[in-house]
Amino acid sequence: MSAKIVQNMLKRVPFSRMCMSQIRTKATLPTLAFEYKDLEPIISRDIMEIHHQKHHNTYVVNYNNTLDKLQTAVTKDDTATIISLAPALKFNGGGHINHSIFWDILTPHSTKPSDDLNKALIENFGSCDEFKKQLAAASINVQGSGWGWLGFNPQTKKLCVASCANQDPLFPTTGLIPLFGIDVWEHAYYLQYKNVRADYVNAIFEVINWDAVSKRFAEASA
């Protein structure tokens, strides 16, 4: 009985395929492809180190601890505990998923969208600059903490801008495949940009790894 409850619970709770696969394999903190200092002056070394080593690592630790509790509850057929763990799984699992994507789409190197992605941006937004304006607006206007996203709709085959609250992951929440996310939790920018979220959001486009975003687009649209 408990196994079915877990399956049904996970269907309702925003999880991605990666999170589902980690029900039996613990999450690990990903290694960055660059040094903490490499995104300066757009993102300071201090922010990068704290964001990665403290904030993301906390999501990983809490997710794994919650996963242990879930596995114990399933073994004991403890339905009440299984259900009560859903919020922690969603928050910490989502935090790990979102940040893993975030690190992947940042780079100190100069990159540009692939021809296919650039064409899709123009078709869906009118221009790359208009896309940036729409994503920036969606990110800046998040109330409280959350994320702004560029996503791919697998049903309509179109690119969409969206936002999610807290650590809700994009695909299970909206059905959009995440291509590019902007973390607008204060821990992502406050040490450097204070309370001026807009300055951080507009600056981050300077360190986007368009090679990684283009790869995600190619895989999503294949």
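Positions of Cβ are set from backbone N, Cα and C atoms, glycine also.
Listed in TrEMBL for this protein:
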- H51, H99, D183, H187: Mn(2+) binding site (BINDING)
- 28-106: domain 'Manganese/iron superoxide dismutase N-terminal' (DOMAIN)
- 113-216: domain 'Manganese/iron superoxide dismutase C-terminal' (DOMAIN)
Residue with minimal Cβ packing [other Cβ atoms within 10 Å] among the binding-site residues H51, H99, H187: H187
D183 (Mn(2+) binding site) CB neighbourhood, other CB atoms within 10 A: 25
Tally of residues which DSSP labels helix, strand or coil - the domain 'Manganese/iron superoxide dismutase C-terminal' (113-216): 54 helix, 24 strand, 26 coil
DSSP-derived helix, strand and coil totals, residue by residue, for the domain 'Manganese/iron superoxide dismutase N-terminal' (28-106): 60 helix, 1 strand, 18 coil
Sorted by sequence, non-H51, H99, D183, H187 residues with Cβ within 8 Å of centre, Mn(2+): H52, H55, H56, F102, W185, A188
